[in-house]
Amino acid sequence: MAGVARVLAAVVVGMCVSVGVHAFSQGAPDTTCGNITPVHGTTFQTTPAPYTVTPGAARVIAGEKMLVTLEAAAGESFMGFLLQARTADTDQVTGTFFTTDHKYLNCDNGMNNAVTHRGPAAKSKVTLMWEPKSDFTGDVVFKGTFVKERMVFWVGVTSEKVTVAKREASQPPPAPTTTTTPAPTTPAPTTQSPSVSSEPNAVNAGDTVISVVDAPSAVAENGINVASTADNSDFTPTIVEEFSLSSPPSPTVVSPPSLSTTSSPSPTITSSTQSSPSSPVQSETTAKPNGSTTRRKFGILNRLRTTAAPTTSTTTTTTPAYRVPDEDLTPETLSLQNDLINIYDECGRSKGCFGAPSGCVDNKNCKMMVTYTKASSGFRFEIMGPASSGYVAAGLSEDEKMGDDSVMVCRNLDGVMDVVMAHNTGNSNQLLTDSKSRSFLSDVRTLLLDNKIYCKFVRRANTEIMNTYYDLENNRYHIMMARGSASKSSLSYHVERTVSSGSVSAQKFESVVAVSDLFRTLHACFMVGAWICAASCGIIIARYYKKTWLKSRCCGIDQWFHLHRLFMGLTWGLTMAGLGLIVYYIGGWTSIDPKVNPHAILGIISTGLCFIQPFMALCRCGPDHKRRPVFNWLHWLVGNCAQILGITAIFFGLELVGAPEWTTFILIIFIAFHCMVHLILSIGQCVSDSKAENGNNVYPMKEVNGSRNPLHPTQKRMDAPGGGFRKAMLAFYFFINWLITAILLLIIIVKEEDLKRWGVIFWEEDA
């Protein structure tokens, strides 16, 4: 009854849902990566865009960061944006963005290589940080889309070319210095954000000038206390920090330039240093007699010069350097972030890789993944998966079945990451104690970043767990992967799993593929075809079309009965074949606890009822037999119970085949449609019966003069009133039913990523 209640509730929800079209107020989806065009129901503007994309430099060293500014013209603003860096020659998305205020996109199997808005607030200026790949050289351009309002947007706003040069031999970075100069101001100063302008007197082509002007409040917020200049109340301090674009990254923590979004003028300090947050920055302050703003010039040859008039010196206090929260990372965390971004790079060369879905390692689009390689103290593993999962686990098994398996678990408990060991005994899983896990693992590092969890650790080569000995140096194992929800003391049953088709050696980086899911996919397709399509059509025909097509019979049998028998025979055959496929695929009965997912229980009951239904039909008595009503009610009850349980089992089975969560709404739409057609046809049948009773003709009629022998008149078979309406409704029902069936089969067979690439899925799920 719980399953029936769930279906009925789903029907009510489906009938209450209204479908609308909305803009992406939370940012563009990944599906816009290719043409960077919003799906807003209109075309982009062809007039010149009132927005600009300005790189912070004309040349950058591979692997180093640079600023990129998106800015609206005076009096203009934009609600949304999408920015990518593309190679000038091949138009491929490249590099990585860094931001705290906005949303990342992962385009072309990359990571964080595009940025979009997080909310619809009006913006006049957005400052981002971008880093080219360490192995890339060549020219890139930044391409952006700006949305002024839902129906007004510009696509393909490009920047000037930026040359990415190869990193030269490392040189010790110069010590960062801070120069503070007084600048003229009024009693009510207005703070300006950092601006980029061309330098007319640039020595090198591509030189730019960045002017940084900050009010005293911004200085105080960042802990920089400037001594007052003697008797000069018309001056306020201006902070300028010098750094070299050619300097290699410091081995300590990098504090990059501040990234700011300007909706209205506000106190913002933009700095760039390479000091540790705990390292003090020695400052020297100079005053400019002419009151002009100190400017920094960036040359194409990576030279930086400070241009200012002669100054007078004052003193300031020593304060820690300002840090941007997104970049306030330890070197270890920065290294982990880089490892996650480049997790696919050495697969098959210096490490073995296995992931899901099948073929994702080659395509670099795994939903979950494990890598392994030899380390000095054992074997180093990496586990990666979606942050929405409570755990992503990798297991080592001597066969493809669950049982006697050593499991390594990358766990995310409400943002708290850790790595634990577990063991599968039969169909149950048991976590090892923390002390036991620590004795088997070392160099454990974890990262939660951009809706992904990532764990990196070293496991001892030889371990004994639950009286089972695991020798990674000499033995071969099947690799298992699974993900699901977790608590501190246990792991729930997985919502997705995969197993390698063959055993592998941890010391060899062999090509490994997942066990084929063909039989499971066929099982799902057969059951959808049986219960969504065939059974539904057969039941509709038997219930409402017995008084239709009476004038023409085939082999002495009414046409409705031929159609009913065809559809129900198809239902029986698909159901029995689907049962055989899934039993063969899992090797018997499922290990899933019915309390976790009752799909198997519901499915087997539905299959049993389906199996006995045709044998009941063979035993039916004649139309005039006194027990015929009993048969009719039993036949109706068994058939409807089988269909209801079958569709309910499909509801619970969607997650077992990895179907997207929104597939449930397609089933709800089908159920609502199916019930609506039942209601309409029931009303139509009542109207038809009423017309027949009130009419002069009662069917079936006797055609008195239709026979050569008037003493033996022939029976004239006529359809009940409303036959045209019923036929039109049947055609309509067949079309919608088969369309929904085709959509469900497409979702089951084709990966969600492919559906997005084909444009079938044009929306984006919340993370």
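Every residue, even glycine, has its Cβ placed from backbone N, Cα and C.
Annotated features in TrEMBL:
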- 177-191: compositional bias 'Low complexity' (COMPBIAS)
- 192-201: compositional bias 'Polar residues' (COMPBIAS)
- 244-283: compositional bias 'Low complexity' (COMPBIAS)
- 284-293: compositional bias 'Polar residues' (COMPBIAS)
- 306-321: compositional bias 'Low complexity' (COMPBIAS)
- 10-177: domain 'Reelin' (DOMAIN)
- 364-484: domain 'DOMON' (DOMAIN)
- 479-687: domain 'Cytochrome b561' (DOMAIN)
- 165-202: region 'Disordered' (REGION)
- 242-328: region 'Disordered' (REGION)
- 1-23: signal peptide (SIGNAL)
- 526-545: transmembrane segment (TRANSMEM)
- 566-587: transmembrane segment (TRANSMEM)
- 599-621: transmembrane segment (TRANSMEM)
- 633-656: transmembrane segment (TRANSMEM)
- 662-681: transmembrane segment (TRANSMEM)
- 730-750: transmembrane segment (TRANSMEM)
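Taking every recorded stretch in 526-545, 599-621, 633-656, 662-681 and counting its Cβ pairs under 8 Å to the transmembrane segment (730-750), the highest total belongs to 526-545. The DSSP breakdown of the domain 'DOMON' (364-484), given as helix, strand and coil counts, is 7 helix, 81 strand, 33 coil. Per-residue confidence over the domain 'DOMON' (364-484) averages 89 (mean pLDDT, predicted model).
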